[in-house]
Amino acid sequence: MGHEEEMSDLAVPGKEVSAPTSSLRNQILASLSATVGGVGAGLALGYTSPAGPELQRSALQLGTSQVSLVGAAVPLGALLGALVCGWAMDRFGRRDTMAAVSVPAIAGWLLVAFAGTLGQLLAGRLLTGLAAGGATVAAPTYVGEVSEPRVRGALGAGFQLLLTFGIFLSYLIGKYATWSHLALASAALPVLWLLLALWTRRSPVWLLEKNREDEARRALVWLRGRRADVSDELRSLTEQVREAHKRRVTFRDLVSRENRRQFALSLMLMLLQQLSGINAVLFYTTGIFQDAGSSVAPELATIVVGLVIVLSTLVSVVLVDRLGRKVLLLASDALMAVCLLALGVFFHLKGSGSADSLGWLPLASLMLYVFAFSIGFGPIPWLMMSELFAPEVKSVASGIAVCFNYSLAFLVTLTFAPLVTALTQAGAFWLFAGVCLLGVAYTAIACYETKGKTLQEIQQHFRDKEAVET
């Protein structure tokens, strides 16, 4: 996400020049080869939910705070992975970076599977998190650069969809496998990703950045099909790569009058996304149902929740260009607030012994919560990050936004258990609900609707707004 949006812009010619005879087959295959990395990221994110309670009963005998640390290690590793991946993509290319990122993922899962100490477990989780962060940056960047405008949206959404599928897969396998066997099964995915990454072609945009025009042409011919005339597209990409090199900027430009509103909006959307409590819910889904004493088996409940995440992400892909970003964000935060309030009420009543007949409420609330998150505040902050920034500041701005997001994810995951201890589970969920209600107000007042607008129109809106106030 730090670089993918910038590169996506480079891949979109000012004039659509893709030949009508181009083939989609190899573009789809290349995109799938990259987005398989999303499944691995989802497996890493979802692992703690089924494995956490078992780790407490295992020979490792982890305490609640230690399980929280195991969960928080992934977003911490992802923060580091995102930072390193931006540099690696520019130096070694998108394809080779994806292949390289799969190696620490394999090593990390093996470390987790055979961990005999907390230190080994944390080291493995950090490595899988590093790979997840790298995949989150490299795979969408690659997809944006190899796909034509007519399919870029659908193929670009594939990464988020496969990430949610990875979370679901972790829940499903975790119902039948031990924590170590789940890690071993998860190690197979980065092996597959490594093979697919080595099979696919390099990004033509990166090849042009390295002045390897003949290779870029061959890559485009493979992607578009032998019958497609890629001359105009190659010429357009070459010109845009040259222009991008002239417009490289620094952090200081982000706080200039032309960019500060977009930068602040992007960071606020990331803040509201993470402080909605999503990572706490995903990492501790099984524990929430166990503590609730729900009549539904906790392992089955988490599988259902994971399936809802996948299906609702599909819904978001369909609705985001029909209803608009702002409408979905408002609906998402409002519904999440209601669900979190309901969860808080359940745990409050449970504390007084009055919730015996409400065993269905945690499952219903969590299902609606993850549905609401997945149609709005799950994908849209990332989407709007690619729309809000001008091309010349997008790399720097997106990199900071991604690091900010992962930092918040780490803090929320690490502090959820202590928060529950201090406020009770009811208090913790009510706190997250309060943040969601604040998010409704902020979105209604400050969020700009980008649906149907070109990047130039979006930038002109913020320039006009700044000019009026000055």
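Glycine too: its Cβ is placed from the backbone N, Cα and C atoms.
Annotated transmembrane segment per TrEMBL: 28-47, 67-87, 99-116, 122-143, 155-173, 179-200, 263-288, 300-320, 327-349, 361-384, 396-417, 429-448, in sequence order. TrEMBL lists 30-451 with the feature domain 'Major facilitator superfamily (MFS) profile'.
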Distal contacts, the transmembrane segment (122-143) - CB-CB under 8 A, six or more residues away: 1-4, 7-8, 30-31, 34-35, 37-38, 40-41, 43-45, 47, 69-70, 73-86, 88-89, 94-95, 97-98, 101-102, 104-105, 107-113, 115, 152, 155-156, 158-159, 183, 186, 190, 193, 203, 402, 406
Leading stretch by Cβ pairs under 8 Å, where the reference is the transmembrane segment (361-384) and the options are 67-87, 99-116, 155-173, 396-417, 429-448: 155-173
The transmembrane segment (300-320) versus listed stretches 67-87, 155-173, 179-200, 327-349: most Cβ pairs under 8 Å: 155-173
Average model confidence [pLDDT] within the domain 'Major facilitator superfamily (MFS) profile' (30-451): 84
